[in-house]
Amino acid sequence: MGSIGAASMEFCFDVFKELKVHHANDNMLYSPFAILSTLAMVFLGAKDSTRTQINKVVHFDKLPGFGDSIEAQCGTSVNVHSSLRDILNQITKQNDAYSFSLASRLYAQETYTVVPEYLQCVKELYRGGLESVNFQTAADQARGLINAWVESQTNGIIRNILQPSSVDSQTAMVLVNAIAFKGLWEKAFKAEDTQTIPFRVTEQESKPVQMMYQIGSFKVASMASEKMKILELPFASGTMSMLVLLPDDVSGLEQLESIISFEKLTEWTSSSIMEERKVKVYLPRMKMEEKYNLTSLLMAMGITDLFSSSANLSGISSVGSLKISQAVHAAHAEINEAGRDVVGSAEAGVDATEEFRADHPFLFCVKHIETNAILLFGRCVSP
């Protein structure tokens, strides 16, 4: 499964580079893994250059066994699709330690007859699968149905994923992908230690935030040449952790963003660099929700045929004109004090001299520990 982690990490930073262009100074939050798994679902039915483009952009071409025939993909358990399914099952199963809900589905205009093997395959491997709806004569009704499904799958958190103008009678197929996350820390922050303090948005501007605090032993690294620190905070599930990448300077985010990559993050978080130390941690409470037009994002990254009349999705439907008319991604994350074990901050070791104070813009990600797959990636410029 490790190779999926590498693909999701590489894809993560490709997406980040593209999003940065249009969201230079905004908060950002998205799930590389969720987008990747949805594209894997499309990839199963894509042919020719449509398939080649997805392959290249999502780095599927680097994963052994990914391009096998549709029968093999559904019939064998030792391939990448079932590995993706295994990670999806692991992270979305009911769990007291976190809630991680994923809504991912294709909605096709009902006049496109769907290949039965494809339907069976995506149902088996990707729970959302494909639904047929009537965009042609009841587009607004179809939109309401899609929005209601996403809302129910994310426990009421992500609403109105499709805006009124996003579908019409010409819509052929829509891809929706949404993720909502709330985690319990392995070591809780005590609510009474949370204080209102200024978060320095820029050198000139600050805003009051709820800053959580605890002293504990965590994996940290100080990177002098990159002028930043990294902290890893485990979630109670034992399967996920959060990495916080904090520039030394208030205005240091731009420099960090210009050098960060799959290779760099792998190097910085390696066991030879990160070490467990006692540290005073200051982290703001966060509640973030962002929505992105995947159509323009993926087209800018090189997946162009899928959204045009050049699309070849004959593995999904034999009707030649099928393409994706609209693709949307939404992500929501809530980070607060809640955790499994409460460590008394005062007595937890007054000897901690090292400080990790996230009181200015930083990057963060939630990763699946076993595979290194990036489940969420975010930029916090204003909590």
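Cβ from N, Cα, C; glycine included.
The N-acetylglycine annotation in Swiss-Prot covers GLY2.
Taken from Swiss-Prot, the feature phosphoserine applies to SER69 (among others), supported by similarity to another entry.
If you look up Swiss-Prot, you'll see CYS74-CYS121 marked as disulfide bond, on the strength of similarity to another entry. Around the Cβ of CYS121 (disulfide bond), the number of neighbouring Cβ atoms within 10 Å comes to 23.
Shown in sequence order, ALA327, VAL328 are the residues of the chain, 6+ apart in sequence, with a C-beta less than 8 angstroms from the C-beta of ASN293 (N-linked glycosylation site). The annotation N-linked glycosylation site is assigned in Swiss-Prot to ASN293 (among others).
Annotation for ASN312 (N-linked glycosylation site): same-chain Cβ neighbours under 8 Å, separated by at least 6 residues, are ALA46, LYS47, ASP48, SER49, THR50, ARG51, ASP305. If you look up Swiss-Prot, you'll see ASN312 (among others) marked as N-linked glycosylation site, on the strength of sequence analysis.
The phosphoserine feature in Swiss-Prot is assigned to SER345 (among others); the stated evidence is similarity to another entry.
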